[in-house]
Amino acid sequence: MRIILLGAPGAGKGTQAQFMMDKYGIPQISTGDMLRAAAKAGTELGLKAKELMDAGQLVSDELIIDLVKERISAEDCAKGFLLDGFPRTIPQADAMKTAGVAVDFVLEFDVPDEEIVKRMAGRRVHAGSGRTYHIVYNPPKVADKDDVTGDDLSIRPDDEESTVRKRLDIYHTQTEPLVAYYKNEAGQGNGEYHKFDGTKTVDVISAELATVLG
């Protein structure tokens, strides 16, 4: 069961990835984690990647594809894997296909931009403990104060509205074209493409996923 997850930041991919990992016993592969692990393991590819990252340079698509191939040949990927955050662009998707990395399911989580802004801009965090709140979905007992300590809550820079909108713009420009790409692939019999309404409750989406994936 080889799965690619698509969806804007804040669309709920992480929550559903956890559900699929637990249910199907497959690992989630995020390129960031993979690059760090390969660099730490000191493999030839990992050392190449580390050299580039240490110099503040982008790791090439070719090198990432090689790392993906190396990672998915590991024992824990025998039943399959979840790719999150890769591919991000059409050239990366093409390179993956050329490298012979087949995919069974592409799952898109669709949430309108304004809902994502509301989700992320409403998050509040207690710096000392990492406790998180949401002004709409999980508000603190006293506005902007931590329930336990009474300390002020803060907004993470990543959750600032301007940052969220920038990330959404990048997603729409770079990654959204993959939706059409993978729909086309599915039309040619290369895997299945499924779109989920990310505004539904977590349990409903999980149940829909289980129906699709079996």
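Cβ atoms are placed via backbone N, Cα and C, with glycine included.
What you see is a predicted model, and the numbers here were worked out from it, not measured in a lab.
Noted in Swiss-Prot for the protein shown:
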- GLY10, ALA11, GLY12, LYS13, GLY14, THR15, ARG123, THR132, TYR133, LYS200: ATP binding site (BINDING)
- 30-59: region 'NMP' (REGION)
- THR31, ARG36, GLN57, LEU58, VAL59, GLY85, PHE86, PRO87, ARG88, GLN92, ARG156, ARG167: AMP binding site (BINDING)
- 122-159: region 'LID' (REGION)
Sparsest Cβ surroundings (other CB atoms within 10 Å) among the binding-site residues GLY10, GLY12, GLY14: GLY14
ARG88 (AMP binding site) versus ARG123 (ATP binding site) - Cα distance in angstrom: 26
Per DSSP, three-state class assigned to ARG123 (ATP binding site): strand
Span of GLY10, ALA11, GLY12, LYS13, GLY14, THR15, ARG123, THR132, TYR133, LYS200 around ATP - largest C-alpha separation, Å: 21
Per-state residue totals over the region 'NMP' (30-59) - DSSP helix, strand, coil: 22 helix, 1 strand, 7 coil
Binding-site residues (ARG88, ARG123, ARG156), the one with most neighbouring Cβ atoms at 10 Å: ARG123
Among THR31, GLN57, which are binding-site residues, the residue with the most C-beta atoms within 10 angstroms of its C-beta: THR31
